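A.B. asks: For reference, the structure I am asking about is given below.
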Amino acid sequence: MKTDIEIAQSVELKPITEVVEKVGIGFDDLELYGKYKAKLSFDKINEVKDDKPGKLILVTAINPTPAGEGKSTMSIGLADALNKIGKKTMIALREPSLGPVMGIKGGAAGGGYAQVLPMEDINLHFTGDMHAITTANNALSALLDNHIHQGNALGIDQRRIIWKRVVDLNDRALRHVTVGLGGPLNGIPREDGFDITVASEIMAILCLATDINDLKERLANIVVAYRYDRTPVYVRDLEIEGALTLILKDAIKPNLVQTIYGTPALVHGGPFANIAHGCNSVLATSTALRLADYTVTEAGFGADLGAEKFLDIKTPNLPTTPDAVVIVATLRALKMHGGVAKTDLSEENVQAVRDGFSNLKRHVENIRKFGIPVVVAINEFVADTEAEIAALKELCSEIKVPVELASVWANGADGGIDLANTVVDVVENGNADYKRLYSDDDSLEEKITKIVTEIYGGKSVVFEKKAKNQLKQFAEFGWDKLPVCMAKTQYSFSDNQFLLGAPEGFDITIREFVPKTGAGFIVALTGDVMTMPGLPKAPAALKMDVTEDGTAVGLF
């Protein structure tokens, strides 16, 4: 089997102008970035914004192994298969962050014969969205520090600045830094730090904004610091929301590319799902819904993180609600949840599949709480055995959830036909009756308790002293009615990454909150979740290169 990049480079790409004709996008609707990439103009977005939306399919997964379970690959393969069976389909995905690409992932544009192309460009600088978000974020930092240097008319307490700088790399050395050193001409010394770009609130804002005006309003509502009297300082107080919007005026437009099979793909925005809401942009998803009969999208990590946030945070901003949710599972991950060591996952172990099924079962039950029908997709691997597959199908039958084996990595669209047909059957039965887990009127404590007890399976929530004080403060500021975005390990339902399967009776500890008032949610921090990742001992970057003719090597 060829590597992902070898497969990608063997495909003869069609001009993007030709690819998008099938969904009614013309040449004048595009802002081209070469022959194979484009941004969609606001003229076209506005032209279709009142059209009736098509069907929406959300792809999520069980709690993943460190290698991931193939959500993006399955999403792409499903979209290709839907097109192959005659359903006009688009896909809406997140764009990858360069940090993890250079770190552990090596690439994030699908895999095998289910990829979005050109994968080298998408994984590297693409159309410059990450650069624009990084620049806007750091422009805010520079303007904030300049305000303090020039007299601090707003009375900002430099000890209580909560806005950090960002860079689109994994760089642990930048987590805690001191700025303003070198004497009075260089600013006022203070502690600062860097997050990875995809953790920036500006990334979340870009992905939730519905147009330029909404983007500007959300940017204005960002809290950057507190005054000496402990009242919040917003971007609007600095009067710089216009400048930040200007920097992002092109980045807000969705990017168009194609799959190996020529399915039009909107790839736009990329917040992490463990420290942010983990979904691609509202603009991309909404536009796809109005251009196609079926839209396939994904939410990051497992359904306890990405799908919950998609349904509680993103869906209220969409023109329609999901018609079906596809939960991707792999037998290797189920065996890991069943107690098998990572080194032994390739060995047949039917009992471990049965034991690990508790994880998948809870995810199915959780999605049903939102009133949406579920389909399980088994992402097929070479080491899977007939006995293990039969056991999983039997277990799914017992809880009355349809299940299909999919081999889109190896077989592309053909490997997803059975899954596509099952999804269409579920969608066209029209059983979806979406409801949020909590209401806006619930307090922050109530929202978190519902997520912990009903989604995670936990017993209760423990709020540390700082979090308790913040709850009182946030209520005074009127922030207590915002949705909650849980920052939690992706590997477990709990806040302990080693507690696999479907644990019960545990507590979730909230150590502090981070207000993301521009994005419109409050982040609750649990465990040791990092907003600036580090690199592994042997980063993927060590195997990357470029040939004399400019061909990328080592992306996978």
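Numbers run from 1 along the shown chain.
Yeah, the Cβs are placed from backbone N, Cα and C, and that goes for glycine too.
As listed in Swiss-Prot for this protein:
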- THR65, PRO66, ALA67, GLY68, GLU69, GLY70, LYS71, SER72: ATP binding site (BINDING)
A.B. asks: Would you say which of the binding-site residues PRO66, GLY68, GLY70 has the most Cβ atoms within 10 Å of its own Cβ?
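C.D. replies: Selected residue: GLY70.
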A.B. asks: In terms of DSSP three-state secondary structure, what is the assignment for GLY70 (ATP binding site)?
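C.D. replies: Note: GLY70 (ATP binding site) is coil by DSSP, not helix or strand.
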A.B. asks: Would you count the other CB atoms within 10 A of the CB of THR65 (ATP binding site), including those on all shown protein chains?
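C.D. replies: A count of 18.
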A.B. asks: Check each residue in the chain of LYS71 (ATP binding site) that is at least six apart in sequence and keep those whose C-beta is under 8 Å from its C-beta; list them in sequence order.
C.D. replies: VAL59, THR60, ALA61, GLU298, GLY300, VAL328
